[in-house]
């Protein structure tokens, strides 16, 4: 049986909030069977909980933000959510003492190492997957995203930026998902931004924590980071990282074939909502027989590195 997973112990880290520029303490806690992924703001009294849920995503302008019915929000959850998805974790409580998750280095890698440092523990209950049964597609102008039936989790993402530093032959990436491939090929890809956009955002009191330490920054001609890129195609890999985190807002790992062109947080969430709203398009599955598990989900996370 493929079992649910949580953390062996609690662990915490301190970082900077992307939008506030303020210090944020993040604590990750183990959680009982069937708890799911739950975000919590401990700076409020009483603390406010945000279970991972596609319908809780109500703002995708600059990041993925969860907003409850009272308008309370927690922002920038996508990179941590991607790390949780990548390692196949099912039950974790995430506490932050601020309105946003710390940005760290702009990738999912610091969260991966934090989770692995806490340790991953199997629980005595079957892990549930969402298996796609029918193709679902959403569009926004020339942008689109779709997911189709597939015995595993495969992703194909294409970006299209008219910029000298982003060549066309580095604008597409395909991944046959496994925890190991996620860690090695996707988790280190950092978020990116254009200098003109950062200057505008900071003039509006946003992205105050944004810097060359936590993002790839481009001017009109080149990448400004002294150390350059971690991968030649780091930008499209990061968009795939975002998509993995956005799709995991369902709270379950997905079995399906995801394809996207110029998609972002909003369209990814629209696709997930459209899938979940169509009862004929998906089903929950568990795997009692390990031999029948799709290959990408068969490798225990404990042996990743």
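Cβ coordinates are placed from backbone N, Cα and C, and glycine is handled just like the others.
Here Swiss-Prot has 238, 242 binding Zn(2+), and the candidate from 19, 79 in that same listed site is 79. Taking the centroid of the Cβ atoms of 79, 238, 242 as the Zn(2+) site, the other same-chain residues with Cβ within 8 Å of it are 78, 82, 106, 107, 108, 189, 190, 191, 239, 240, 241, 245. Set side by side, the recorded positions 79, 265 differ in how many other CB atoms lie within 10 angstroms of their CB, and the most is found at 79. Straight-line distance linking the Cα atoms of residue 265 (active site, proton donor) and residue 238 (Zn(2+) binding site), rounded to a whole number, equals 12 Å.
Under DSSP, residue 242 (Zn(2+) binding site) is assigned to a helix (H, G or I) in the three-state scheme. When other Cβ atoms within 10 Å of the Cβ of residue 238 (Zn(2+) binding site) are tallied across all protein chains shown, the result is 28.
In the three-state DSSP classification, residue 265 (active site, proton donor) falls within a helix.
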